[in-house]
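Colleague: Got a structure for you, written out below as structure tokens; questions coming shortly.
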Amino acid sequence: RYDAGKDGFIDLMELKLMMEKLGAPQTHLGLKNMIKEVDEDLDSKLSFREFLLIFRKAAAGELQEDSGLHALARLSEIDVSTEGVKGAKNFFEAKVQAIHEASRFEEEIKAEQEEKKKQAEELKQRKAAFKELQSTFKQ
């Protein structure tokens with residue numbers, strides 16, 4: 001919704017506009033600090049995964065009360081009395097979809113880690129077999 005460049009990331013200017021539209025404008029330094037707090041790959045923009053990290057940290061109570069990220073997490077909650085049931089339904093369906101996407105990313109990361117472990121184990125076995133073969137030639 002706020003990805004004006006349609007590149008799959010929220011950059012500094014897009015975050016600035018988003019915070020203004022949500023009614024919680026931030027200073028330039030505040031915006032940079034917001035990105036820095038969840039920017040895992042240090043590319044100075046927010047991926048979808050990093051964006052979801054904001055809400056995980058908020059749910060875990062890891063955000064400072066006066067931080068821009070705390071304001072963003074608080075502003076993205078739904079008020080059924082103003083949005084109505086249909087608005088709440090859309091909000092929660094979007095949240096479920098976001099959680100599903102996050103778990104898919106986690107599954108991909110786990111699969112990559114398991115593949116790396118498997119490759120490391122295969123390499124270890126090949127080295128052991130080579131050393132064994134090498135020792136027979138040394139005798």
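Cβ coordinates come from backbone N, Cα and C, glycine included.
Where the annotation comes from TrEMBL, it is an automatic prediction and has not been curated.
As listed in TrEMBL for this protein:
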- 1-25: domain 'EF-hand' (DOMAIN)
- 26-61: domain 'EF-hand' (DOMAIN)
- 95-133: coiled coil (COILED)
Colleague: Over the coiled coil (95-133), what is the model's mean pLDDT?
Modeller: 82
Colleague: DSSP on the domain 'EF-hand' (26-61): how many residues come out helix, how many strand, how many coil?
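Modeller: When I sort the residues of the domain 'EF-hand' (26-61) into the three classes, I find 23 helix, 1 strand, 12 coil.
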